Amino acid sequence: MNLFKPYFKHNYLMKNIYNSMMNLSAPINISLWWNYGSLLILSLFTQILTGLFLTMYYTANIELAFLSVNYICRNVNYGWLIRTLHANGASFFFICMYIHMGRNIYYGSYNLKSTWMIGTTIFIMSMATAFMGYILPWGQMSFWGATVITNLLTAIPYLGNSLTYWIWGGFSVNNATLTRFYTFHFLFPFLIILMVMIHLMFLHQTGSNNPLGLNLKNNFISFHPFFTYKDFIGFYLILIIIISLTLINPYFLGDPDNFSPANPMITPPHIQPEWYFLFAYAILRSIPNKLGGIIALAMSILILFTLPFNYKKKIKSNQFYPLNQILFWLFIICFANLTWIGANPIEYPYIMMSQILTFLYFFYFLFNPFIFKYWDKLMF
């Protein structure tokens, strides 16, 4: 790296990249949990690279989409590997994203308002991109997932039906719908890259948070080489896990219904989205009213935007708030259980359990600031 330092110093573009990635000041005590931001960037570029190869052979037509995916897996050299890496890469992208967001909630990094707002927007854009990608193979679950989820828009008063027909490009999910989803699925990752650059720009303005949640301006070190080597260890581990899963059990995280071509005359016994959206799907199903379910679904994501405006606690991190630590881990258990329930049919006892867990999910965001306030009064 020292060999290229003169080039980095004299080239304006490379100088900015070097200052952002290598010469960045970082708190000396950041832990392994700070590794997931770089893992997300690795996952994003892996998705874009594999997606570019897939799009060379994919055909966005309802008659040919399923056959083109079959062709990729059967006849294209290593097409099966590229396709399963892309599918499993999406799962690991969201695993890293959920851990990254959970770490920021636990350590109070949402107080960096601009960074948090952009990050939450990236999360929503990633959800939209993944949903549209799930539709592209045009299997049974792809078709019915598109039908059910887009049909939720009809619950919007006055505009609902017109908006749904506009997205469909007709009066049902058809060829125009598939073409539109393919177009946006291709474009959104590049918009996400732009948002990531803005996200990093705001983060570098304020500096990163640390496990203690304290102002450690005198205890900063250069990001390279110490933290870059730590990041590379994370890169190796996640690549080993993704490649191992892809080679040993490539369809473990997929849905078996998607091995059948889309058939509007046969409804699958249980319609569900990808596993990483099941928590939101369980919240949607827990409300017996259609509009109420959609509002709960939207609020389960949009409530993240409210975190920077909650009670300003004395110390950023949960490290010194034992009651909030317990509440946080109960929230994680609640999140995991909602994911499990979303994969189960709508019957007793899953309906009652999903309603209880939905209440607890929102209870965390509403009750947590009051516990912070109570504990601050005890300590200060």
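Keep in mind that glycine also has a Cβ here, set from the backbone N, Cα and C atoms.
TrEMBL: automatically predicted annotations, no manual curation.
Copied over from TrEMBL:
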- 4-212: domain 'Cytochrome b/b6 N-terminal region profile' (DOMAIN)
- 40-60: transmembrane segment (TRANSMEM)
- 80-101: transmembrane segment (TRANSMEM)
- His100, His199: heme b b566 binding site (BINDING)
- 116-136: transmembrane segment (TRANSMEM)
- 143-168: transmembrane segment (TRANSMEM)
- 180-203: transmembrane segment (TRANSMEM)
- His204: ubiquinone binding site (BINDING)
- 232-253: transmembrane segment (TRANSMEM)
- 291-311: transmembrane segment (TRANSMEM)
- 323-342: transmembrane segment (TRANSMEM)
- 348-367: transmembrane segment (TRANSMEM)
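The transmembrane segment (143-168) makes no contact with the transmembrane segment (80-101), as judged by fewer than three Cβ pairs under 8 Å among residues 6 or more apart in sequence. If you measure from the Cα atom of His204 (ubiquinone binding site) to that of His100 (heme b b566 binding site), you get 17 Å. Least packed by the Cβ count within 10 Å, out of the binding-site residues His100, His199, His204, is His204. Sequence-distant residue pairs (6 or more apart) of the transmembrane segment (232-253) and the transmembrane segment (323-342) include fewer than 3 whose Cβ atoms are under 8 Å, leaving the two stretches without contact.
Under 8 Å from some Cβ of the transmembrane segment (291-311) lie the Cβ atoms of residues 101, 105, 110-113, 116-117, 120, 123-124, 127, 152, 155-157, 279-281, 283-285, 358, 361-362, 365, 368-370, 372-373, all in the same chain and six or more residues away from its ends. Within the same chain, residues 58, 60, 65, 69, 90, 93-94, 97, 101, 104, 109-110, 142-143, 145-146, 149, 177-178, 181-182, 184-185, 188-189, 191-192, 195-196, 198-199, 202, 273-274, 276-277, 301, 304-305, 307-308 sit at least 6 positions outside the transmembrane segment (116-136) and bring their C-beta atoms closer than 8 Å to a C-beta of that stretch. With pairs at least 6 apart in sequence, the transmembrane segment (348-367) and the transmembrane segment (180-203) have fewer than 3 Cβ pairs within the 8 Å limit; the two do not touch.
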